[in-house]
Amino acid sequence: MSAEILSEKESRSKRLLPVILAIAIFMQMLDTTILNTALPSIALSLNEPELKIQSILISYTLVLAICAPISGVVADKIGTKHTFLLAVIFFTLGSLFAALSMSLTQLTLSRILQGIGGAMLTPVARLALMKAYDRKDYLRVINYAITPALIGPILGPLLGGYLVQYASWHWIFLINLPIGLIVLILAAFFMPDFRGAPFHFDLRGYIIFALAIFLITFGLEYSIRGEIKWLAIPMILGGFFFLVWYWFYAKHKDKPLFSLTLLDVRTFRIGLNGNLVARLGISAMPFLLPLFFQVALGYSPSDAGWLLVPIAVGGLTVKPLVTKILHVLGYRRILIWNTVLISLFIITIGIFGRDMPMWALVIQLYILGLCNSTQFTAMNTLTVGDLGKEQMSSGNSLMVVNQQLALTLGVAFAALFLNFYIAQHWFPTENTEKAFQLTFITMGVLTLIATYIFAKLKKEDGDFLAGRSVK
């Protein structure tokens, strides 16, 4: 009888695991997208310049990049259940502290706590899902679990805009509390607890690598802060020093955090570099657009939220079609010309500014969403497609870190260029609006550089992934 009860409990846990993951992903995606439309209101409330508030975005994504490699290690050590519970607690407490913050420093520290939880939240739940289900069922289950993640980018900007306009910015964080509590209760009762076999973790390499990306990112962030501007160059130089150190360290280490042999795989090397550069402009848009609409054009938070919806809808629309598009056109052609389209759309917003008709802007943002979603799928699948089984885990971890780093650097570069153009006072009237336009153009040109990287692909690269005939 006890065996039957145990079996029934395991079966219930297995059935509810995708639900737990779905709610957790929804909470994280909602939090990621809800904040952008609230930035001007947060700046006003905290008596900070509207265009120097990006640290609350950068701190979160940077911590995701730094903590992502250790989530699997922690889960193997203390189990998936305890790691996931800790992740939910950190994320929810970070949300509470963010809502109670009285200064930009407090809010940034709260976002760091959120980031520590967020870095473990989705990866650990996915790991549990992989261990609970057979390979033949995994794709079906994971597709069910990530469906709410597609709704978050649509709901987030709207909810953020209306909460800020009719309540206060604190509610964009408080909304995580009931969701976090539900996830915590479900996980406490139904989350399976898997542990992995102990393995070597390159702690020294991890510290060197983490210091490198931390110093480079915050060096860029500090470069626009007058009182600590002098720290920028030493931090950036220090970051590159640690990066070079890691290169030589990994060369002579038996089992480094990220093996340099990964870069011997040509498609991985091209995919990783292209991923980083192409995402700079793409990642800057969720930060720049709400600020542009509200600060430069004078739109309300809710109107700014509505204008971000076409991007998310475009991404949702094309998702079922991406595999067919890649099958017909191939990876090389898609990655080159799709990158060109994304760059042109970003540059066009900069050229026309407020002179662009509203209907044209909505259509353009919708198509941009189509292109973004296609780009993400193509870049991600090609990057890891040629890796061997023994390289897959390390390569996938490095790709995730690379993506979060690109997101962080995209915001950092956009803020850097925006504040630089504003400081020049090149325009006697509408200086802020023109500075935004120049920033869009600059980020579009930066994104265009990725076409040079993707041009190094061979015509047949990725054909087996897209189901094309391999000659």
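In case you wondered, yes, glycine gets a Cβ from its N, Cα and C as well.
Nobody curates TrEMBL annotations by hand; they come from automatic prediction.
Listed in TrEMBL for this protein:
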type	residues	note
DOMAIN	17-462	domain 'Major facilitator superfamily (MFS) profile'
TRANSMEM	16-35	transmembrane segment
TRANSMEM	55-75	transmembrane segment
TRANSMEM	82-100	transmembrane segment
TRANSMEM	112-129	transmembrane segment
TRANSMEM	141-163	transmembrane segment
TRANSMEM	203-224	transmembrane segment
TRANSMEM	230-249	transmembrane segment
TRANSMEM	276-298	transmembrane segment
TRANSMEM	304-322	transmembrane segment
TRANSMEM	358-384	transmembrane segment
TRANSMEM	405-423	transmembrane segment
TRANSMEM	435-455	transmembrane segment
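Against the transmembrane segment (230-249), stretch 203-224 has more CB pairs under 8 A than any other of 203-224, 405-423, 435-455.
Contact check: the transmembrane segment (405-423) against the transmembrane segment (304-322) gives fewer than three Cβ pairs closer than 8 Å, residues 6 or more apart, which falls short of the contact criterion. With Cβ pairs under 8 Å as the measure, the transmembrane segment (141-163) is packed most heavily against 304-322, out of 55-75, 112-129, 203-224, 304-322. Away from its own ends, the transmembrane segment (82-100) comes close to residues 24, 27-28, 31, 71, 74-75, 106-107, 109-121, 124-125, 128, 170-171, 173-174, 176-177, 180-181, 183-184, 187-188, 191, 193 of its chain (Cβ-Cβ under 8 Å, at least six residues beyond either end). Across 203-224, 276-298, 304-322, stretch 304-322 shows the highest tally of CB pairs under 8 A with the transmembrane segment (358-384). Long-range contacts of the transmembrane segment (304-322) within the same chain, counting only residues at least 6 positions beyond its ends with a Cβ under 8 Å from a Cβ of the stretch, are 33, 36-37, 150, 153-154, 157-162, 285-286, 289-290, 293-294, 361-363, 365-374, 377-378. Simply put, out of 55-75, 112-129, 435-455, 112-129 has the most Cβ pairs sitting under 8 Å from the transmembrane segment (16-35). Counted over residue pairs 6 or more apart, the CB atoms of the transmembrane segment (203-224) and the transmembrane segment (55-75) come under 8 Å in at least three pairs, which marks the two as touching.
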